[in-house]
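Enquirer: Quick one: this structure, given as structure tokens, is what I'll be asking you about.
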């Protein structure tokens with residue numbers, strides 16, 4: 001496999017991990033029927049806020065479903081610890097002066113050159129003396145392989161004790177990182193890797209001889225302090241991956257800070273996060289002293305290419321009839337329909353299936369592998385309608401999605417408009433430079449108020465659509 005895309009190849013390697021049998025979000029089993037509708041045994045009424053996906057599962061889902069490199073045209077912003085020092089970037093791996101075995105491992109994985117963000121990040125991560133780094137890197141930019149390369153570069157194989165420590169929010173994400181280490185380090189057979197995760201039992205008093213330890217914060221903290229399997233004073237590189245996921249998990253933030261405080265002052269600290277909201281930034285500053293900072297400026301999602309409409313209804317059945325009228329009047333390549341609860345989504349998927357539509361259902365009670373399979377089938381066009389809750393409002397790029405329907409408008413836990421979710425939902429259409437269409441179902445004074453506030457927030461007019469008038473529906477498709 002030869003490719004110019006370092007990050008794409010990394011992600012293909014990561015997505016190739018098959019040992020995902022433990023990725024249960026809930027114990028409940030969900031199976032698609034012959035029509036592609038996924039029917040659940042129990043559909044408890046859950047609010048959108050409760051349905052918002054656990055970040056760790058979402059991160060893992062992104063790794064499994066991504067078949068293309070995230071658009072890498074965005075600008076990289078570099079803030080150096082010492083603004084007077086020269087800013088180095090590289091266009092080839094040879095410039096990094098890697099150990100021959102590591103360079104061989106990089107090429108064996110199919111990489112020809114660094115991606116845009118690594119051009120700046122790798123020289124900092126491999127510099128002497130070591131430099132600390134905080135990097136914003138969304139899923140798909142190849143950051144896992146970048147920090148793996150940094151760890152492997154620092155290890156002295158002859159020293160039989162842990163020298164690099166990597167924290168991941170979950171066992172499954174730690175496993176993804178471990179696979180990349182094994183692949184990149186395969187020409188370094190003397191390099192050893194250990195997983196500090198719950199269930200990995202060691203004898204009390206035992207010392208670990210592996211060079212790199214990957215694990216979850218709670219277990220790593222136990223291994224460093226209570227059980228003393230690891231001598232934290234000998235750690236050279238400390239990586240904190242998925243920081244935004246980490247701080248969303250109760251206890252992980254405090255545990256990570258406690259681990260960091262045990263490390264020597266000259267330990268290299270590397271922190272990665274997909275987002276840089278205030279809570280993540282405060283956390284990063286606590287664990288990474290005197291950092292260089294790299295931010296990948298993200299393309300703003302826009303509503304400019306999306307025509308927005310609303311339909312007035314009095315009940316759930318009227319909303320369904322309006323939906324049927326839209327389908328009867330215009331040709332829809334593929335559509336995504338968002339619901340407020342799992343119960344509504346399950347009902348709607350079944351009703352659409354009865355009408356002869358090829359329907360798939362996606363919700364948070366499914367295991368991650370099932371979700372990835374449903375999304376892939378939708379991407380391939382095997383189902384034309386995807387009914388979902390907020391579980392996949394982000395990150396799914398399907399070129400054929402021409403219509404997004406908000407069967408229920410997105411609100412937060414206090415009943416206020418969730419403008420960000422609205423943007424991400426209808427942003428699934430109008431992509432790749434094409435015109436998109438968004439239809440919002442309004443069934444009460446409250447939801448009309450929500451719609452008006454969304455309209456004011458984005459300063460974009462949302463037109464009324466009469467779905468009883470077929471001529472009017474036909475016009476919106478032009």
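Placed from the backbone N, Cα and C atoms, the Cβ positions cover glycine too.
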Enquirer: Would you mind telling me which of 62-90, 91-119, 120-148, 149-177 Swiss-Prot tags as motif 'Q motif'?
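Expert: Going through 62-90, 91-119, 120-148, 149-177 one by one, Swiss-Prot gives motif 'Q motif' for 91-119.
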Enquirer: Swiss-Prot tags one of 229-232, 233-236, 237-240, 241-244 as motif 'DEAD box' - which one?
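Expert: The listed stretch tagged motif 'DEAD box' in Swiss-Prot is 241-244.
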Enquirer: Note the mean pLDDT of the motif 'DEAD box' (241-244), expressed as a whole number.
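Expert: The average pLDDT of the model in the motif 'DEAD box' (241-244) works out to 90.
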